[in-house]
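Scroll down for the structure; my scribbles are underneath it.
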């Protein structure tokens with residue numbers, strides 16, 4: 001190694017200049033971690049910001065599905081209210097009794113495919129009345145969700161997922177977490193471009209407020225980067241409103257008007273002033289075995305994707321890697337969340353909100369209290385329908401611009417786990433590259449095939465079997481995670497050098513709840529419940 005002294009040809013570099021960055025169990029630079037909440041006024045604003053961010057998915061999914069079911073604007077507004085209400089309850093349950101991470105539990109795109117399959121089922125095609133058709137399809141979706149929730153409840157609370165997660169190494173976690181974020185790329189700029197004059201300004205302003213202004217105006221540094229969403233959304237929303245009332249879209253095609261105008265959602269007119277969602281509000285659920293199997297496949301994909309999202313959230317909350325027993329407990333509670341979706345009739349299942357995981361990174365605030373406050377906003381605005389509908393009518397391209405940053409942050413959390421691995425190992429390079437490539441390539445084939453043929457590549461006489469396989473292999477995170485996990489646990493894994501290359505030794509002390517003292521601080525249950533529900 002070179003010495004520190006220099007001869008006549010200039011000083012040699014300092015020793016620490018050549019030292020790699022040290023590996024960190026907990027992410028440094030986070031302003032507030034899980035257990036250290038910001039002051040109340042700041043916490044309330046940050047909670048409202050989380051509420052705004054999760055609204056995008058909450059509105060987009062029912063807006064796409066309810067008209068196909070036969071529902072009108074009133075039905076759409078009630079479904080959005082219900083989805084928001086149940087998301088608030090599920091977020092509180094997860095933060096108090098599940099993983100205890102600051103994770104928002106909201107609507108999931110994973111469940112859209114089996115729901116569309118239910119909409120297209122032959123037994124609903126002959127129904128002439130659109131509203132009756134909507135109610136029948138909603139009840140069928142409820143029944144499928146209720147049955148599918150059992151999968152996560154059993155796998156989570158039985159500890160089965162704990163046994164699977166114990167074999168997860170930093171190397172196999174990296175592709176899974178990375179594609180939980182990066183795999184949603186089609187919801188980013190393609191959606192921004194549907195109304196580029198609104199979406200692009202939001203994206204540019206968000207980058208300026210979050211990344212440039214904090215280093216330019218030092219006095220307001222923590223305000224700009226922490227509340228960038230609260231600054232930029234009103235500016236661009238007002239700009240979109242001015243374009244709308246100014247007649248910019250008067251002669252535009254209907255599709256452009258739908259994406260760009262601020263008065264095309266139909267939510268404000270359709271939403272009731274005050275309404276409390278309640279179980280079985282659409283009637284008694286109906287059950288069909290084939291639909292339940294397809295929804296179970298979506299539930300399993302959501303389980304895998306949420307595992308990656310939970311890992312990303314634990315990283316951005318500056319917590320230690322999540323112990324497998326705590327992860328399994330969280331999956332069980334997420335199953336209860338899907339059960340509530342089925343009972344209340346949201347038309348969609350639940351998973352961890354990836355965009356809110358990205359928001360933790362942008363704000364550098366991983367406080368549990370902030371997310372619990374955001375759950376309060378979800379419940380409050382779901383009951384006061386008109387007020388909630390005002391925020392829900394924000395044009396979708398504005399949310400898509402947020403996704404470009406938040407999904408990227410969530411994906412980069414996965415790349416961060418490569419610090420524990422030996423990137424000079426050809427085994428590491430193969431597993432990493434192959435799993436990420438297949439995670440992008442296989443779903444692309446399934447999606448392309450479906451868009452051309454109108455059905456997936458697996459097209460047998462059994463519709464439920466087709467749906468199951470097509471749902472599984474259309475998820476980028478699932479394919480990447482499955483390939484990485486399988487290869488990492490089968491290729492030369494018993495060699496001592498391989499154990500180190502895959503980073504498995506770094507996570508040894510987190511495989512059991514008791515082997516690291518910090519687990520108690522981050523993941524212990526409240527009200528002394530650990531006595532009755534011990535983590536192992």
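Cβ from N, Cα, C; glycine included.
Unlike curated entries, TrEMBL annotations are predicted automatically.
Residues or ranges marked as compositional bias 'Gly residues' by TrEMBL: 1-11.
Sequence annotations record features per position, and here TrEMBL assigns region 'Disordered' to 1-20.
Taken from TrEMBL, the feature transmembrane segment applies to 48-66 (among others).
Marked as transmembrane segment by TrEMBL: 78-97 (among others).
Feature annotation from TrEMBL assigns transmembrane segment to 103-122 (among others).
Among residues of the same chain six or more beyond the transmembrane segment (143-161), those with a C-beta under 8 A of the stretch's C-beta atoms are 111, 114, 118, 285-288, 291-292, 294-296, 298-300, 302-303, 307, 324-325, 327-339, 341-343, 349, 536. Positions annotated as transmembrane segment by TrEMBL: 143-161 (among others).
Here the transmembrane segment (195-215) has Cβ contacts under 8 Å with residues 221-222, 224-225, 228-229, 231-233, 235-236, 239-240, 243, 256, 259-260, 362, 395, 397-398, 400-402, 404-405 of the same chain, all six or more residues outside its ends. Under the heading transmembrane segment, TrEMBL lists 195-215 (among others).
Per TrEMBL, the feature transmembrane segment maps to 227-249 (among others). Outside the transmembrane segment (227-249), and at least 6 residues removed from its termini, the chain residues within Cβ reach (under 8 Å) are 45-46, 48-49, 52-53, 197-198, 201-202, 205-206, 209-210, 256-257, 260-263, 359, 362-363, 394-395, 398, 402.
Sequence annotations record features per position, and here TrEMBL assigns transmembrane segment to 370-392 (among others).
Among the features that TrEMBL reports, transmembrane segment is placed at 398-418 (among others).
The transmembrane segment annotation in TrEMBL covers 430-447 (among others). When Cβ-Cβ distances below 8 Å are used as the criterion, the transmembrane segment (430-447) is approached by residues 171-172, 174-175, 178-179, 183, 418, 421, 456-457, 470, 473-477, 479-481, 483-484, 487-488, 491 of the same chain, each at least six residues removed from its ends.
Marked as transmembrane segment by TrEMBL: 467-487 (among others).
For the transmembrane segment (398-418), the list of distant contacts is 27, 53, 55-57, 59-60, 170-171, 173-185, 187-192, 194, 198-200, 202-203, 206-207, 210, 229, 233, 236-237, 240, 308-309, 311-312, 315-316, 354-359, 361-362, 432, 503: same-chain residues at least six beyond its ends, Cβ to Cβ under 8 Å. If you look at the transmembrane segment (467-487) against the transmembrane segment (48-66), you find fewer than three C-beta pairs under 8 angstroms, all six or more positions apart, and that falls short of contact. Ranking 48-66, 103-122, 370-392 by CB pairs under 8 A with the transmembrane segment (78-97) puts 370-392 at the top.
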